[in-house]
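Annotated in TrEMBL:
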BINDING   B:Thr156, B:Lys182, B:Thr193, B:Glu279, B:Asn403, B:Ser408  substrate binding site
ACT_SITE  B:Thr193  active site, nucleophile
Number of protein chains: 2
Amino acid sequence: MAVNLYIPSESDIHPVAGVQIGAAEAGIRKANHRDLTVFRLAEGSSVAGVFTLNRFRAAPVQVCETHLAAGQGIRALVINTGNANAGTGESGLQAATQTCVELANILDIKPQQVLPFSTGVILEPLPLDRLVAALPQAVADTADNNWFMAAHSIMTTDTQPKIVSRRVALGNNTITITGISKGAGMIRPNMATMLGFLATDAGIAPELLTDMVRSIANLSFNRITVDGDTSTNDSFIVMATGQSAVRIESVSDPLYAPLYKALAEAATELAQKIVRDAEGATKFMTVHVEQAKTPEEALKVAYSVAQSPLVKTAFYASDPNLGRILCAIGYAGIADLDVSGVNLWLGDVMVASQGGRHPNYQEEDGQRVMQQAEIPMRIALGRGEASETVYTCDFSHEYVTINADYRS
Amino acid sequence: MAVNLYIPSESDIHPVAGVQIGAAEAGIRKANHRDLTVFRLAEGSSVAGVFTLNRFRAAPVQVCETHLAAGQGIRALVINTGNANAGTGESGLQAATQTCVELANILDIKPQQVLPFSTGVILEPLPLDRLVAALPQAVADTADNNWFMAAHSIMTTDTQPKIVSRRVALGNNTITITGISKGAGMIRPNMATMLGFLATDAGIAPELLTDMVRSIANLSFNRITVDGDTSTNDSFIVMATGQSAVRIESVSDPLYAPLYKALAEAATELAQKIVRDAEGATKFMTVHVEQAKTPEEALKVAYSVAQSPLVKTAFYASDPNLGRILCAIGYAGIADLDVSGVNLWLGDVMVASQGGRHPNYQEEDGQRVMQQAEIPMRIALGRGEASETVYTCDFSHEYVTINADYRS
């Protein structure tokens, strides 16, 4: 039961010139599910990505980094669900590499021009034979207008497809931005999220795109948390096919800023959709921390609150047990925090001032905000100018049910 | 439903000479519950404590530190449940101080000789009038043999009383060690736990006791986690009444080491009892990390695993989805961890070797260990000599139920 997750109708999704997508049933983990997705990219596309900082990086993440560094020009992506190909050692690396070799053979490109992605159960061998056997079908299926299907194909415990699509006027031209993501659990991205793919027909110089994708990830996928578990497979990819008339070579281009803004907004929407459809989520919470000394400090406090099981269960119950928020601020690791400077608002209700209960705070007011599906929280630390925002959800019985039964 | 939590019968609990305990119903939050407990200590007792590092330290914690520092000799403790007196600002501090003044008046001691403790809901004013009104009844009730009652009186969401009691031969004498604790939720002690009180009739020099209590807290209460939430009220107190023939002045005393060991074992048992009776716990897990470069590094990995909601829900379901453990090791924050050196055992079953699934690992073997109520986990990082152990529990529907309904 996703929280206010907007799903565009299929007819509102704009294909991106230079991107074709196909999918097939490989039976990686379960039958009767399109668990294998292939993206084909026009020659000359720029592709950049950011990946998990988990030390147990999945084999496909390692191969992605190698292939991006090879600089041969990425021409295809291959994504499987049902198996993360993580914690699989040397044989996992070989399986990810071989996946690229097989797809490259079919498409008549180099293996280094393929990026592989996997999501699913960790510590189980990837069934390479079944994956490879389904590749020709996925390639045969590729078409411009398959974004909606792809958003479904990459889902695991997601209940809804996550997709953004928009047309943006840039100067005298109009470009298209369309993207998909998946998430649901094991979500505290560290450089990127579980899987996010964003494409545009704008042209963007490769080095510039590399800088942009890092910066955009920091504004979007690196600002969400469901359960604090940074996955082994987090990957966020931006593809710029250059099939429109727009081409950006540097930050000094007057169209750079509006293009950056459009891509960042699309990425933020994709990231927020992951929170809205998080495992068991019934509420969407925005934790905004301001008056911090540094952005790092603001993030520490925001994540401490956003990840507290006690805060999250109180929100689930619509119980304004708001002392739990102060408690989480207090253990966020700011050794010299003077709590008498801390103020807290829930929506427009001032809950705590000068480190204690605000004199005018009434429990009914807190209760009213807690019952909303979208809950904004604002924490002022009273010690500086920095601010940061993190998006999270509540913690429900359903989260436990889903994760206790994930593999069955 | 506590996990293998041993409750001694009342007749097996040894009073500690020099300690008298009484309780009364103050109606702090709910009626018909002995929510106010008073300890009286013989003159000449040494008392030392460690307290939460949460920056939102509760008012009673701040008063405890002031009164311990005053060095007047602690003669009484007063403990209320139902209200944490935290996030209550200046008026909360006044309420905690006034509690000490009122009890001191009744006992004819100085206010600085009283330590106050509170546990319960944060951000609500302490009902001082009701508390003070019940003090005479609690004092009138004080007796040597009330430890069992006190273990009940300090409970909040605990389902079982937590109590240890033992007699220990030291040289030619025998001393008594008896203690109680409470926990249940908001448990990741940082210097101490929610509430732990340990008393002995051995005499211990005050400065020595101060050192001992810090070191013992680090071995016991600072090695448990339920939900990663470091409380505002964590307090661990050791009282040494000196009413036995044993008196220890320094670490060079031959009886120091066995006394330290006996106190540390009692504290560890009290701390483990908090995990065994944690909110919703159905399993007790020991996370042992070895071959780390430093103890800090071992702790980072141990807590990362012990606090992962995904690991904890898998244990709840007895589902050997053990890749989640590798994932949590990977995001523990060791930037240069070479995962190919990581080995993992569940009980006697080797699950992962050299960073991947162990060739001989069979899911049935993992399943067998997962079904146990007590699950030992061993993680070897392959990069040093340091090791640490952390105790935790699984994460169940019941945890969500308890914490969604805590205040109702």
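In case you wondered, yes, glycine gets a Cβ from its N, Cα and C as well.
Structure coloured by features recorded in TrEMBL.
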residue	record	DSSP class
B:Thr156	substrate binding site	coil
B:Lys182	substrate binding site	strand
B:Glu279	substrate binding site	coil
B:Asn403	substrate binding site	helix
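Contact with chain A, taken as any Cβ pair under 8 Å, is found for none of the binding-site residues B:Thr156, B:Lys182, B:Glu279. Listed binding-site residues: B:Thr156, B:Asn403; maximum Cβ neighbour count within 10 Å falls on B:Asn403. Here the Cβ of B:Glu279 (substrate binding site) has 27 other Cβ atoms within 10 Å, regardless of which shown protein chain they belong to.
The Cβ of B:Lys182 (substrate binding site) has 26 other Cβ atoms within 10 Å, all protein chains considered.
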